[in-house]
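What TrEMBL annotates here:
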type	residues	note
DOMAIN	12-239	domain 'Peptidase M24'
BINDING	77, 175	substrate binding site
BINDING	94, 105, 232	divalent metal cation 1 binding site
BINDING	105, 168, 201, 232	divalent metal cation 2 binding site
Ligand code: MF3
Ligand code: CO
């Protein structure tokens, strides 16, 4: 069942999303060669505390950290760690913020120093695919239109779309209905209705879309070791289209 949110609930999730967006803006300034994702993790914990918010991922299904920090070929759910980032790396920082019980979820891929031309294009295409998907989020369209917008664009650019992880409804808990695949067919799936709130979070790979799972049970990486990028927003469907709750 897809729970529709009231204007007040969406307002509360928007306040949560503004804190998350502000946190990402600060992370963007911190990322550089030599910095560790453990330092980013500690920064995020402090930032959220200062703003009266909580890291919802910490303790979720046994996950231990406020952030997921996925480097280079890691697709998602990387653990923050004490290895310094190096020039040419990319790192995706993903987090869920809880502010007075209202959740928001947003991931962003950052460049570390100077990256290759191909990596640059991977990031541009992945971010653009998210905004193309958001464009089709108007009442009356369907969930399949979202996946189709992402997949047709990304594959046309020569990259691939991860299948094993998808966007999701979000409310009192991180994951609820509907499922939001980043691939699929137009005019298929549930109809978008005013009051739906969900994430769109395309993970785009340079090579194969196939992933492998680390023995830690969480971290997913590309099967061929090529780079993967991700941009994620939490959005609400309004009568005028999508409202981005985590806009930076
Ligand atoms: N933020 C993730 C998402 O976009 C959810 C993370 S699951 C966790 O779906 F366990 F790592 F927190
Ligand atoms: Co997320």
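In case you wondered, yes, glycine gets a Cβ from its N, Cα and C as well.
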**OP:** Could you check which of the binding-site residues (77, 94, 105, 175, 232) sits closest to residue 168 (divalent metal cation 2 binding site), going Cα to Cα?
**Re:** 175
Subject >> Which binding-site residues sit within 10 Å of residue 232 (divalent metal cation 1 binding site) - Cα, from 77, 175, 201 >> reply: 201
Original post:
Setting 94, 105, 232 aside, what same-chain residues sit with their Cβ within 8 Å of the center of the Cβ atoms that define the divalent metal cation 1 site, listed in sequence order?
Top reply: 95, 96, 106, 107, 199, 201, 230, 234
Original post:
If you count Cβ atoms within 10 Å of the Cβ of residue 105 (divalent metal cation 1 binding site), leaving out that atom itself, what do you get?
Top reply: 27
**OP:** Around the recorded divalent metal cation 2 site, report the further residues of that chain (criterion: Cβ within 8 Å of the mean position of the Cβ atoms of 105, 168, 201, 232; site residues excluded), sequence-ordered.
**Re:** 94, 106, 107, 167, 170, 198, 199, 200, 233, 234
Original post:
Which entry in the list of binding-site residues, 77, 168, 175, has its Cβ near the fewest other Cβ atoms, using 10 Å as the limit?
Top reply: 175
Subject >> Mapped DSSP class for residue 77 (substrate binding site), helix or strand or coil >> reply: coil
**OP:** Return the residue, from the listed binding-site residues 94, 201, with the maximum count of other C-beta atoms within 10 angstroms of its C-beta.
**Re:** 201
Original post:
What is the total of other Cβ atoms whose distance to the Cβ of residue 232 (divalent metal cation 1 binding site) is within 10 Å?
Top reply: 21
Original post:
Compared by Cα position, which of the binding-site residues 77, 105, 175 is the closest one to residue 201 (divalent metal cation 2 binding site)?
Top reply: 105
**OP:** In whole Å, note down how far the CA of residue 105 (divalent metal cation 1 binding site) lies from the CA of residue 77 (substrate binding site).
**Re:** 13
